[in-house]
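Peer 1: To start, I am sharing the structure in question, which I have written as C-alpha cells.
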C-alpha cells in the first residue's frame, strides 16, 4: 500500500473512529494528471493523481454526493484553477462546492454497506469513467452489481453549440443541452419538471448512443440507479482502456 493510500485510510479512521465498510479504488488510466474532487468533501488530503496512480480510499459510512475529476489544473501565482471540473475554491482542495461544468459526474449514496451509484452526463462530459463493483449483489438479491460507465469519445458527437473550449480554443469537454442552451425543456424544469414531460431529446440521445450505461438527461432511468449490497470495493477508473 502506497504512502498516499495509507495516509488517507488513517485520516479517515481518525475522523470517523470506526472502520468503513466501503472502499473506493480510484485508478487513473489517463495519460495525464487529474485532480479528484467531491461534493460534499470526502477528506482527500492529496487529490492529485498522476498517470497510472491507484488510490484506495475508505469512504464514510454515510455519504451522498458526487465525485469527479478535474483536468489541466495549475496555480496562477497562488490561485489554483482547472480547465474542467473547477470548484472555484482557489486551492487544490475543493472544500465541497459543486464543479464548473462540463464534467462527468459519479454519483453515490452510501448507507453502511449499501451503495447506490450512477454515471451522469446531466452536466456534460469531460473524460471517460467507469464504476465497477467488486462482488456484492443488487439489493433484494436480484443478481450481481453491474458495471456502469461512459468510455467512448464524446467529442465525436458533441454539437458545436455544446463544445467547451479552453482559452487557446482547444476542445476540453461537452456541455449538456441544459447547461449549454439554458432551455427548460432540456433542464426538465418548469412545465417540463414531471417525469412525463421530461423526455429524451436530440442531444441526450446522441450521448446515449455512445454511453448506454450512463444517464444523459434528468429523468433518465435506463439503466436504473443500482443499489449494491456488500461489495468488497468499488473500482472507479478514469480513462479506462
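Each Cβ is built from the backbone N, Cα and C atoms, and glycine gets one as well.
In TrEMBL, annotation is done automatically, which means it is predicted and not curated.
Quantities reported herein were computed from a predicted structural model and do not represent experimental measurements.
Here's the feature list from TrEMBL:
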- 1-20: signal peptide (SIGNAL)
- 30-239: disulfide bond (DISULFID)
- 73-82: disulfide bond (DISULFID)
- 87-94: disulfide bond (DISULFID)
- 145-228: disulfide bond (DISULFID)
- 150-211: disulfide bond (DISULFID)
- 158-174: disulfide bond (DISULFID)
- 178-187: disulfide bond (DISULFID)
- 188-198: disulfide bond (DISULFID)
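Show me how these features fit into the structure around them.
Peer 2: Within its own chain, residue 30 (disulfide bond) has 51, 127, 238, 239 as residues 6 or more apart in sequence whose C-beta sits under 8 angstroms from its own.
Within its own chain, residue 82 (disulfide bond) has 35, 70, 71, 72, 73, 74 as residues 6 or more apart in sequence whose C-beta sits under 8 angstroms from its own.
Within 10 Å of the C-beta of residue 211 (disulfide bond) we count 23 further C-beta atoms, all protein chains included.
Within the same chain, residues at least 6 positions away in sequence whose Cβ sits under 8 Å from that of residue 174 (disulfide bond) are 102, 124, 125, 126, 154, 155, 158, 162, 163, 164.
For residue 178 (disulfide bond), applying a Cβ distance below 8 Å and a minimum sequence separation of six or more within one chain yields 122, 123, 186, 187, 188, 217, 218.
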Peer 1: Rank the disulfide-bonded residues 94, 187 by the number of other Cβ atoms within 10 Å of each Cβ, and give the residue at the low end.
Peer 2: 187
Peer 1: Relative to the Cα of residue 228 (disulfide bond), which of the disulfide-bonded residues 87, 94, 150, 198 has the closest Cα?
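Peer 2: Result: the closest of the disulfide-bonded residues to residue 228 (disulfide bond) is 150.
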Peer 1: Select the closest residue to residue 145 (disulfide bond) from the following disulfide-bonded residues, measuring between CA atoms: 87, 94, 198, 211.
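Peer 2: Given the candidates 87, 94, 198, 211, the nearest one is 211.
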Peer 1: Quick check on the disulfide-bonded residues: of 228, 239, whose CB has the lowest count of neighbouring CB atoms inside 10 Å?
Peer 2: 239
Peer 1: In Å, rounded, how far does the Cα of residue 87 (disulfide bond) sit from the Cα of residue 211 (disulfide bond)?
Peer 2: 25
